[in-house]
Amino acid sequence: MANLDMEQHSSENEEIKKKKHKKRARDEAKKLKQPAMEEEPDHEDGDAKENNALIDEEPKKKKKKKNKKRGDTDDGEDEAVAEEEPKKKKKKNKKLQQRGDTNDEEDEVIAEEEEPKKKKKKQRKDTEAKSEEEEVEDKEEEKKLEETSIMTNKTFESLSLSDNTYKSIKEMGFARMTQIQAKAIPPLMMGEDVLGAARTGSGKTLAFLIPAVELLYRVKFTPRNGTGVLVICPTRELAIQSYGVAKELLKYHSQTVGKVIGGEKRKTEAEILAKGVNLLVATPGRLLDHLENTNGFIFKNLKFLVMDEADRILEQNFEEDLKKILNLLPKTRQTSLFSATQSAKVEDLARVSLTSPVYIDVDEGRKEVTNEGLEQGYCVVPSAMRLLFLLTFLKRFQGKKKIMVFFSTCKSTKFHAELFRYIKFDCLEIRGGIDQNKRTPTFLQFIKAETGILLCTNVAARGLDFPHVDWIVQYDPPDNPTDYIHRVGRTARGEGAKGKALLVLTPQELKFIQYLKAAKIPVEEHEFEEKKLLDVKPFVENLISENYALKESAKEAYKTYISGYDSHSMKDVFNVHQLNLTEVATSFGFSDPPKVALKIDRGGYRSKREPVNKFKRGRGGGRPGGKSKFERY
């Protein structure tokens, strides 16, 4: 009982002590509060809060100290006090900093508090600087992209075109100009001569036809004035294509348009010329014929001459014709030369036919000379397996893809087309030696086709625009990298277009890849797997041996293949004396080489070839000792 009374008395004493402590604390608070208000009225709120915080904590500290002595402190209370400490310390340090009486320890605390703010501010500045840098980089990237892309942001509407021309362009589906169009059309419309170079599929045709149509419109050309614009193309198909574009552009104009090309009826063409053709598209040979022999052909008023694919026009069999044509045409005229590549011979022609020309090369400085969307590869196939390789490849994609296959000679193209038809491979062919009334429908048919196989020679390698071609297969390699570029240019045409190209080489021809890479043409090797080839060799050999017409066709193809091989200008790559004739014969369906008269150069390997003299016809391309029809690359 005594103990209980003592404990009760002790607890009462504790309560009394607590009350005394609280009262003392309140009195001290009043004393501290009053002078602060008098001396520093500007900091009234801050000091009051700070002092109140300190006062409120004082009894807790004393209570905590007392409880600690008794050994019954509350852990939760300790945690609460510990959490409140930094907050109060922050407020105190901020206040002391304002008064300027912080000590070193407090300075460190303030520095620690200010550090995150400084970091945030720095991060914000860095972000702003980065944004500006990114914006500059984006603009540079856009400029770079525009320089390397086919398209520009310039519209046809920005040109000072007649309403009728602009209406036609709009109906054709064009809004923005390509690089060559944006750079060539303005000087041409101002009457300047232009030497233009742009990759295939870049819109060269519109680049010269739009100024041509505008010229005829401005000078009010009529049929009785004759021909005011003349466009010369190297091939019939390219002439037909250019004629089609010109016809669309002149749809709402009163001026007339026509074409004269080899293979058509000359008499019919002469009658049309006599009626007056204001814009004439022509191939060199037939044009020269009409210039010299058609009396009703009026060309004395010619204002504008265009030579499209000028480097091809200058090849053998065209040089002399072109020289005569230029001598017959009026000297006072505007002239332009356009091509996918600029050779020394084109520059020579420009010097004698152009006056102070504007030189435009939209591909200058590009890392690659072929189209961006083009995937290019090559496959090394032994000569004896070439035919089986081609059959296997075409069988895989027949009816699924649109494919062009290039051969070195007309006879080789003809034989393969006949063979494929015998074995139920549907295919078309474009080459020399086919009547124009058959060749033109074939050309138009392949344009409209979604899938199909076209076998062709280099006659289809320049300027022709076949939509959506998936594969270019160069079964026979080209003469040089320039021809390679033109061939693969039949696919991946236009902005964003995709396509694939495959070059078939024998092991002896592998050095050609070095020349391609030196010409900035990226090619990847594809693995040749013999086990995947169709096992049809006995069938093909039996078919050819039993079919007289097919056998004769194969003989001619074999013969011209070897003659064509001998005419290659790059003798260090394509040396006819390194051919294994037994393997070559196998690739044409023979078990043994056929007996044919081969006229090839017996002089052996020659590492160098002299270039063809400008404006002089060289000796026959495939004849013994004759120079190549192509200038050495």
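Positions of Cβ are set from backbone N, Cα and C atoms, glycine also.
Database features, via Swiss-Prot:
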BINDING   A198, R199, T200, G201, S202, G203, K204, T205  ATP binding site
COILED    2-34  coiled coil
COILED    117-153  coiled coil
COMPBIAS  1-17  compositional bias 'Basic and acidic residues'
COMPBIAS  37-47  compositional bias 'Acidic residues'
COMPBIAS  74-83  compositional bias 'Acidic residues'
COMPBIAS  88-97  compositional bias 'Basic residues'
COMPBIAS  103-114  compositional bias 'Acidic residues'
COMPBIAS  131-140  compositional bias 'Acidic residues'
DOMAIN    185-360  domain 'Helicase ATP-binding'
MOTIF     154-182  motif 'Q motif'
Looking at the binding-site residues R199, K204, which one has the fewest other Cβ atoms within 10 Å of its own Cβ?
-> R199
Using DSSP with the three-state reduction, classify R199 (ATP binding site) as helix, strand or coil.
-> coil
DSSP helix/strand/coil residue counts for the motif 'Q motif' (154-182) | 16 helix, 5 strand, 8 coil
Neighbourhood of G203 (ATP binding site), C-beta criterion under 8 angstroms, separation at least six | I150, M177, T178, I180, Q181
